[in-house]
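According to TrEMBL:
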DOMAIN    8-135  domain 'MARVEL'
TRANSMEM  12-35  transmembrane segment
TRANSMEM  41-66  transmembrane segment
TRANSMEM  78-97  transmembrane segment
TRANSMEM  109-125  transmembrane segment
TRANSMEM  137-161  transmembrane segment
DOMAIN    140-280  domain 'MARVEL'
TRANSMEM  173-200  transmembrane segment
TRANSMEM  212-234  transmembrane segment
TRANSMEM  254-274  transmembrane segment
Amino acid sequence: MVTLDFRTLTVPVGIVRILELILTCISFSLVASVGNRAESFWTWCMFTWCLCFCVTFLILFLEFFSLSSKLPISWEDFTAAFAMLATLMVLAASIIYPRFYTCSSCSRQIGATVTSCLVFILYAVEVGLTRAKPGELSGFLSTVPGLLKVLEAFVACIIFICLDHHQYSSYPGLQWCVAVYSICFIFALLVIIFTVCRLLSLFPAPFDKVLTACNVLAVLMYLTAVVIWPLYSFQNNPRPSTCKAGVLCQWDNLVVISFMTAFNLGAYIADTIYSCRLVFFVSRT
């Protein structure tokens with residue numbers, strides 16, 4: 001029997017989600033009113049706002065009609081993971097869109113940028129509201145290590161978007177870096193999927209110990225990538241004179257990958273510290 005739960009619309013997280021709906025709708029409406037663009041960055045921004053609007057609406061709908069508890073997934077993990085993912089995606093869109101499509105006289109583009117920045121703040125607030133507090137029993141993805149897993153997977157996706165086959169196909173060192181990004185991404189994605197689908201019991205060993213061991217391995221692998229990627233990418237390869245300001249060229253993608261590699265290394269180090277703390281300290285008390 002379906003029952004209406006009006007409380008989902010009046011609690012702080014419900015109010016935040018309603019505001020997210022309104023502002024994401026305003027963002028993609030303003031951008032769509034300017035006209036369509038064929039560039040991949042424009043498509044990414046529109047996809048981000050539309051996806052966030054649709055999934056947030058679905059979350060509110062399922063909770064309002066008390067259908068979320070009937071789904072065969074971990075609802076807390078799903079909502080926490082999506083809030084983190086939406087925060088990162090909207091942050092990227094809020095940086096990319098004004099970088100390439102906004103000018104001083106573009107009022108609708110500026111308006112879309114402002115609302116997108118507000119949406120980013122709202123999703124960040126939702127992450128704070130849904131994150132598990134110390135000592136609180138909740139889903140893994142609503143804890144700090146779980147949110148870091150979403151961050152690691154998202155950063156890896158940014159790296160994959162910037163990769164060009166012709167740039168790394170001739171260098172074994174760069175191919176190793178791509179293998180590092182791929183292996184670590186696959187594991188992070190499996191953890192997210194297994195957690196949301198409540199399949200962690202299928203792990204052949206205790207989940208926390210498997211997670212810690214894989215995080216340590218990921219840190220070691222990313223340490224090699226942090227050194228190897230810029231070494232092979234920029235050696236005897238200065239920025240081409242054809243790369244103009246305001247236009248992202250292939251050489252700039254190498255810089256983005258180098259930065260994201262270092263960023264993900266930091267995320268994996270933090271993840272490893274939290275995981276080791278949970279395994280070797282919290283579990284013993």
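Positions of Cβ are set from backbone N, Cα and C atoms, glycine also.
Between the transmembrane segment (12-35) and the transmembrane segment (109-125) there are 3 or more Cβ pairs closer than 8 Å, counting only residues 6 or more apart in sequence, so the two stretches are in contact. Taken through DSSP, the domain 'MARVEL' (8-135) splits into 105 helix, 0 strand, 23 coil. Secondary structure of the domain 'MARVEL' (140-280), assigned with DSSP and counted as helix (H, G, I), strand (E, B) and coil, comes to 113 helix, 0 strand, 28 coil. The stretch with the most CB contacts under 8 Å to the transmembrane segment (78-97), chosen from 41-66, 109-125, 137-161, 212-234, is 41-66.
Averaged across the domain 'MARVEL' (8-135), the predicted model reaches a pLDDT of 89.
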